[in-house]
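Participant: Structure in structure tokens, see below.
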Amino acid sequence: MKSMDGIAQLVHLMSGYGYVALFICCAIGLFLFPVPNEVLLMIAGGLVASTQLEAVSTFVTLYMAILLHGTIWYMVGVIIHHLTKQGKQIPDKWKRAYNTSRSLVNRHGHKALFISYFLPFIRHAVPLGVGASSISFISFAVVAFSTAAIWLTIYYLLGFYFIHLIDQIQNVMEHIGFIVIFGMLLSLLFWWRKIKKDSVSKEVLSD
């Protein structure tokens, strides 16, 4: 019910305020609505199909907002990394996000960028982790934003052609996303335990 209310709010905003609302919702407004990112893209595609928005302008607006969103998360990672290196205190919530996302990037490298936009939560964590790593912004942008274009195109077209099936599509993608996320977290756990075990073995040998 909460999700349906969020969808109704988004449709009202986009219908009433057009591309400005579309850009704000996609770039920063998703934190305010209980609606998955994919649903927002499908709603935009549906509004284009109903001729309330223009196709190319809508696609470009969405893509620009996604670029801004990813860049913000990358810069947050850079800032937190510098603060951590300087020994400054950061809130526990951000510290946990920083450690988790950095471990994810260290474990999977550029491969994490290729799949990040297709997974809930991971699409926010990976840019943050990349910003905290040695990967340059140019490398991040080339890989991540190319993947983002594919991700956007898929859901934009799904909304354009199948907006009446939005609930079913959302449910299927959520289940797939959570399964993949669980697999990645399990992989991270085994990797962390292996590093810890190797570290203990080295200490024993050095003694």
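Cβ coordinates come from backbone N, Cα and C, glycine included.
Automatic, uncurated: that is what TrEMBL annotation is.
The following feature annotations were taken from TrEMBL:
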DOMAIN    35-159  domain 'VTT'
TRANSMEM  12-35  transmembrane segment
TRANSMEM  55-80  transmembrane segment
TRANSMEM  137-163  transmembrane segment
TRANSMEM  175-192  transmembrane segment
Participant: Count the residues of the domain 'VTT' (35-159) that DSSP assigns to helix (H, G, I), to strand (E, B) and to coil, and report the three numbers in that order.
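Facilitator: Once the DSSP states are binned, the domain 'VTT' (35-159) shows 101 helix, 0 strand, 24 coil.
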Participant: Could you tell me the mean pLDDT the prediction assigns to the domain 'VTT' (35-159)?
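Facilitator: Averaged over the domain 'VTT' (35-159), the predicted model reaches a pLDDT of 86.
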